[in-house]
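Undergrad: Relevant sequence annotations retrieved from TrEMBL are reproduced here:
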BINDING   S64, D65, D66, D303, T306  Mg(2+) 1 binding site
BINDING   D305  Mg(2+) 2 binding site
REGION    348-380  region 'Disordered'
COMPBIAS  355-364  compositional bias 'Low complexity'
COMPBIAS  371-380  compositional bias 'Polar residues'
Amino acid sequence: MTAAARIVAAGGPASLSRFRGALVGAVLGDCLGGDFEGAEDVPLDRVLQHLQDDTRGDGTLQYSDDTAMLRCVAQSLLNRAGFDEQDMARRFAKEYSLAPGRGYGAGVIQVLKKLASPQLSDVYQPARAQFGGRGSFGNGGAMRAAPFALAFKNPAEVKRCSRLGATLTHSCAIGYNGAVLQALAVHLSLQGVLATPQEFINKLISEMEEVENDETARSDARALNESEFPFCTRLHKVKEMVERNSVSIEEVISELGNGIAALHSVPTAIFCVMHCLEPREGLPEQYGGFERTIAYSLALGGDTDTIACMAGAIAGAHYGVDSVPQTWQRCCEGAVEADSLAEHLHNMYHRTPSDGDGVSVSSSNEKRSHSSTQQPKQTD
Ligand SMILES: [Mg+2]
């Protein structure tokens, strides 16, 4: 299939196939990436062997905290027909208490335990108090940001709500702005902008120039000895590396990073998607772009489940769900549920007036009508 044919297969902007591809892609990246988490020097043939193993039973590759929290975000946005910080915080806390063994980081566990307290009124307070009041700059807000792009049409709402959703656990500007960048990348990909890669990266840079032009963001960056527009700086680097014909894995790791900090992983995920728009040496010829993106993300090592989860969401939104191998979908826990959540978000998205601000509920009693047939299965 040619690249053009694949884009047609994904459907027009905001098609159901793109929505399903985004969430299924995220979950698969998490599940398939788990085996390589924390590894250094991952040989590509090991990655390809792992991806080609079709002897696994249904759902045997378990998802981690990335998917666990992404489900909570999607369920909350659907259930409240918009962003409700109290509801989202409660879901995070409950999910953690029901399944604490999903690989959560020590920092976020402290926050999730505090969020479980019924006495807590300011749900942003536990995250704000972390690390001597500086807050976390990890990628935990970004890894779960994709559903915000599926819930809101208006990019201003995508930005606002993805920032607030991340701030529940990551209050450092570099942490929550990583989530904004990831949500914007999924948003643009859903609209089909990745068909013109230059436009995609230029739009991300100009959006992030606006996002990072903020006193708190600047002072948080200074405190971490980062440049004043840290994500913009990285995105320029991504652009330059995408334009180069050959880039080694070592360069990607040293220039962009593969770690647990949002700054060292969100731009990396974006690079993986853009780099894999074209066939790449070492990757099987029969692979489509989605498969290339996942394989390449795993080959970087480091925080593979999260980088592949973020890259999987962006790539899935571009190529559509039909580009995601059935064998991969079958062996990953949570893929079926992600598919159904994406369909419900697609319904909600297309019920919103196109010129509206999207729906947004903020701890008010405001209720939106929701027909019962459009409700996802709730686990709580
Ligand atoms: Mg994880």
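Cβ coordinates come from backbone N, Cα and C, glycine included.
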Undergrad: Taking the Cβ of T306 (Mg(2+) 1 binding site) as the centre, count every other Cβ atom within 10 Å, in any protein chain shown.
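TA: Its Cβ has 32 other Cβ atoms within 10 Å.
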Undergrad: Using the recorded Mg(2+) 1 site (S64, D65, D66, D303, T306) as reference, state which further residues of the same chain have their Cβ within 8 Å of the centre of those residues' Cβ atoms, listed in sequence order.
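TA: Going along the sequence, the neighbours come out as D30, G33, E37, G103, N139, G140, M143, D305, C309.
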Undergrad: Checking proximity to ligand 1 here: which binding-site residues out of S64, D65, D66, D303, D305 have their Cβ closer than 6 Å to it?
TA: S64, D65, D66, D305
Undergrad: Write out the long-range same-chain contacts of D65 (Mg(2+) 1 binding site), meaning residues 6 or more apart in sequence whose Cβ is under 8 Å from its Cβ.
TA: R102, G103, Y104, G105, V108, G140, M143
Undergrad: Do you know offhand how many angstrom separate D305 (Mg(2+) 2 binding site) and S64 (Mg(2+) 1 binding site) by C-alpha?
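TA: One finds 8 Å between the Cα atoms of these residues.
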Undergrad: Once near-sequence residues are set aside, which residues in the chain of D303 (Mg(2+) 1 binding site), 6 or more away, have Cβ atoms under 8 Å from its Cβ?
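TA: Result: E37, G38, N139, N258, G259, I260, S265.
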Undergrad: Of all the binding-site residues given, D66, D305, which has the fewest Cβ neighbours within 10 Å once its own Cβ is left out?
TA: D305
